[in-house]
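Student: Quick one: this structure, given as structure tokens, is what I'll be asking you about.
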Amino acid sequence: MATKNNNLSSYDKTTIPNAKDFRFGIVVSEWNPAITNGMFQGAFDAILDCGGIKENIVRWNVPGSFELVYGCKKMTESYDMLDAVIAIGSVIQGETKHFDYVCEAVSQGIKDLNVQGDIPVIFCVLTDNNMQQAIERSGGKHGNKGTEAAIAAIKMAQLRKDARF
Ligand SMILES: Nc1c(NC[C@H](O)[C@H](O)[C@H](O)CO)[nH]c(=O)[nH]c1=O
Ligand SMILES: CC(=O)[C@@H](O)COP(=O)(O)O
């Protein structure tokens with residue numbers, strides 16, 4: 001189902017674990033800051049709405065989405081008590097194939113962090129054809145990808161906790 005038919009900000013709190021005991025890392029790309037900061041706010045607000053505590057959320061910034069992989073890797077190494085990490089980026093098609101290489105590198109890199117590591121890393125990276133699509137998915141008419149990512153982070157943190165027993 002395409003995003004346009006499935007609002008990114010919709011969630012049912014009765015189906016989401018309480019986040020009060022979870023600690024979250026959020027790594028934010030500085031490219032397209034209006035978009036990435038909008039997604040950060042969506043994620044931050046959703047974590048608090050689901051019982052999370054603002055003191056249990058740590059934010060790091062990186063220059064661009066390509067650096068999200070390294071930033072998330074170092075965050076998981078620096079804070080071993082984290083329960084989930086969210087990688088936030090906005091990649092927008094330009095004139096060249098650079099878009100393709102950045103998107104592929106970031107998606108594969110974050111996938112690798114999940115396969116190789118123990119802390120879930122959530123893929124909150126918009127890969128849009130233009131700025132309007134990015135605006136619509138970071139708090140616009142299609143909702144906020146950051147909200148969706150926060151809900152995924154809470155659920156994956158709970159899954160990791162349950163998997164220990
Ligand atoms: N064009 C976009 C970029 N490009 C920068 C790369 O992510 C990277 O920082 C650079 O190649 C140096 O390694 N990044 C985005 O996040 N969004 C873009 O639209
Ligand atoms: C995703 C990018 O790196 C892209 O926005 C850069 O623009 P261009 O392809 O015109 O150099």
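Using the three backbone atoms N, Cα and C, a Cβ is placed for every residue, glycine included.
Pulled these features from TrEMBL for this protein:
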BINDING   W31, S65, F66, E67, S90, V91, I92, F123  5-amino-6-(D-ribitylamino)uracil binding site
BINDING   E95, T96, R137  (2S)-2-hydroxy-3-oxobutyl phosphate binding site
ACT_SITE  H98  active site, proton donor
Student: Which of the recorded positions E95, T96, H98, R137 has its Cα nearest to the Cα of E67 (5-amino-6-(D-ribitylamino)uracil binding site)?
Tutor: H98
Student: Taking the residues E95, T96, R137 listed for (2S)-2-hydroxy-3-oxobutyl phosphate, what is the greatest CA to CA distance in Å, to the nearest whole number?
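Tutor: Those residues reach a largest Cα separation of 23 Å.
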Student: Of the residues named as 5-amino-6-(D-ribitylamino)uracil binders, W31, S65, F66, E67, S90, V91, I92, F123, how far apart in Å are the Cα atoms of the most distant pair?
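Tutor: Taking every pair among W31, S65, F66, E67, S90, V91, I92, F123, the longest Cα gap is 16 Å.
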Student: In DSSP terms, helix, strand or coil for F123 (5-amino-6-(D-ribitylamino)uracil binding site)?
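Tutor: Its secondary structure by DSSP: strand.
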Student: Counting other Cβ atoms within 10 Å of each residue's Cβ, which of the binding-site residues S65, S90, T96 comes out lowest?
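Tutor: Sparsest of the binding-site residues S65, S90, T96 by Cβ contacts within 10 Å: T96.
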Student: Of the binding-site residues F66, E67, S90, E95, F123, R137, which ones put their CB under 6 Å from ligand 2?
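Tutor: The qualifying binding-site residues are E95.
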Student: Which one is it, among the binding-site residues F66, S90, F123, that lies nearest to R137 ((2S)-2-hydroxy-3-oxobutyl phosphate binding site) by Cα separation?
Tutor: S90
Student: How long is the line from the C-alpha of W31 (5-amino-6-(D-ribitylamino)uracil binding site) to the C-alpha of H98 (active site, proton donor), rounded to the nearest angstrom?
Tutor: 14
Student: Would you mind sorting out which binding-site residues among E95, T96, F123, R137 put a C-beta under 6 angstroms from ligand 1?
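Tutor: The ones that qualify number zero, so the answer is none.
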Student: Measuring CA to CA, name the entry from the recorded positions E95, T96, H98 that ends up nearest F66 (5-amino-6-(D-ribitylamino)uracil binding site).
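Tutor: Closest candidate to F66 (5-amino-6-(D-ribitylamino)uracil binding site), judged by Cα separation, is H98.
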Student: Tell me the Cα distance separating H98 (active site, proton donor) from I92 (5-amino-6-(D-ribitylamino)uracil binding site), rounded to the nearest angstrom.
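Tutor: Pair distance, Cα basis, whole Å: 10 Å.
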Student: Cα-Cα, whole number of Å: V91 (5-amino-6-(D-ribitylamino)uracil binding site) versus H98 (active site, proton donor)?
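Tutor: Each residue's Cα considered, V91 (5-amino-6-(D-ribitylamino)uracil binding site) and H98 (active site, proton donor) end up 10 Å apart.
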Student: Cβ distance under 8 Å to F123 (5-amino-6-(D-ribitylamino)uracil binding site), same chain, sequence separation 6 or more: which residues?
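Tutor: Non-local contacts for F123 (5-amino-6-(D-ribitylamino)uracil binding site): A87, S107, I110, K111, A149.
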